[in-house]
Structure formats: C-alpha cells, structure tokens
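Q: Sharing the feature lines straight out of Swiss-Prot:
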ACT_SITE  LYS62  active site, proton donor
BINDING   ASP11, LYS33, 60-69, THR119, ARG180, GLN189, 209-210  substrate binding site
Amino acid sequence: MSHSRLIIALDYPEAGPALALADRLSPERCALKVGKELFVAEGPQLVDALVRRGYRVFLDLKFHDIPNTVAGACRSAAATGAWMVNVHALGGAAMMAAAREALGETGDRPLLTAVTVLTSHSDATLREIGLAGPADAAVCRLAELARGAGVDGVVCSAREAALVRERCGDGFLRVTPGIRPAWAAKGDQARVLSPADAVAGGATHLVVGRPVTRADEPLAALARLERELAAQDET
C-alpha cells in the first residue's frame, strides 16, 4: 500500500469512470479521494471496491453538524475502510473532539482532518460570509482549534501550509488541495500552487484532480507529478 504524498481526487458522478481510473493508476503510487458527489451516488460499496484494489481512500465528506451527529457519521465513515476522513473546523472544538473520540472507538482508526478555509474562497469571499480575514489568519485560527481538539491535521491551501506547520508543528498533517502543476489549467481554485512549491511550503499530502483525471494518459500524468516532487526533494 502506498505511502505517497499524492492523493488523486475521483471527481466523477458514478462508479464506472472512477474504478476505470483506479485500474489505470497504482495503489503503490497514490491514494484516492472520494467526495460527496461520488459517495452519494455509489455509497460505501465504492470505497470498499477501492480498498479491495489496495488503495488508501480519503473519504472527503466534510461533516459539519451537531457533535453527536458528526460522531455517528464518523463511525459510519470508519466502517467503510477509509484511511482518512474529514470534518469542517468551523463546526467548532466540541464537534471535532466528538469526531476524534468516535473514531478512537473503531478498530483501525482513520486519520481525522479538519477543513479550514476552502481553496475556492478568497479574502473577499470570507468578508462576504462574515468571517474575519484574511484567509491565512482564518486558516491558522481554525488549525489551532483543530489541533486542540485532537485532530490529526487540516485541509488547507498549500499557500497556508507553512504557517500551519509553524503554529501546529511538523507532526500535524497539512493536506493541500488546489494543486496545479504549471502544465495544467488553474480551474475554479482561487489559491493554488504547484506540487513542488506546495511541498517546499510545508504540505504533507497533495490532492490533485483534473491534471490526472482528465489526462489522456493518467499514469503518465502521475509520473510527471512524481518527477516534480523528486526534483524538489533533491534541492
């Protein structure tokens, strides 16, 4: 099973193309992320199918509800065999602590991460929804709240990963979506970085979607990402 930093986002509406991509990639070289659209369409059996193929699965459902409800949802998420699950840090310390406690009751506890500020959010978006910005300050506040609640790490923009590492320590995970190599389009993400820059800035895991999933040769695109990371490791 892979210990790669790369997590490929299976942003598909149904199981067919998701499993087809999984069969073209390698569990030795990446983990896979299942989000809301795919999970709602296909359910736990999709996660099971990926786990049986040898993949670590990040179940990206971003739970945000009252503590008891989130605790129950996390137990159910753990039962799928997921390697990592997440909640929204905006749910508060009590909710995150309840999630962590619930996962601790499971036999093979998944990693728990907390979403800080979505990578589609800019400072203007934060002002629009009434959150004190700028984004990097909001991310740090939420990361420290998550760490205090016993969460394993956060989901944050790669642009804030170094700040989170400084505030929360090296052992606190920084899972970074919005990763776009120079050869890929930016898409709808507002705060993006290249894979090499993200790792240099403190990211522990990189979530990559369209640069791989929409590539004519997904395994070749994955190899290109691996080469970028290897070159960064050598600097």
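Every residue gets a Cβ built from N, Cα and C, even glycine.
Remember, it's a predicted structure, so these values are computed and weren't measured experimentally.
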Q: Distance check, please: Cα of GLY209 (substrate binding site) against Cα of the residue listed as 'active site, proton donor', rounded to an integer number of angstrom.
A: 17
Q: Looking only at Cβ atoms, how many others are within 10 Å of the one on ASP11 (substrate binding site)?
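A: I count 18 other Cβ atoms within 10 Å of it.
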Q: What residues, ordered by sequence, lie under 8 A Cβ-to-Cβ from LYS62 (active site, proton donor) and sit at least six positions away in the same chain?
A: LYS36, ASN86, VAL87, HIS88, VAL115
Q: For HIS64 (substrate binding site), list the number of other Cβ atoms lying within 10 Å of its Cβ atom.
A: 17
Q: Going along the chain, which residues six or more apart from LEU61 (substrate binding site) have their CB under 8 A from its CB?
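A: When sequence neighbours closer than 6 are ignored, LEU61 (substrate binding site) has GLY35, LYS36, PHE39, ALA73, ALA77, VAL85, ASN86 within Cβ distance under 8 Å.
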Q: Going by DSSP, is THR119 (substrate binding site) sitting in a helix, a strand, or coil?
A: coil
Q: Fewest other C-beta atoms within 10 angstroms of its own C-beta: which of the binding-site residues PRO67, THR119, GLY209 fits that?
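A: Taking PRO67, THR119, GLY209 as the binding-site residues, the minimal 10 Å Cβ count falls on PRO67.
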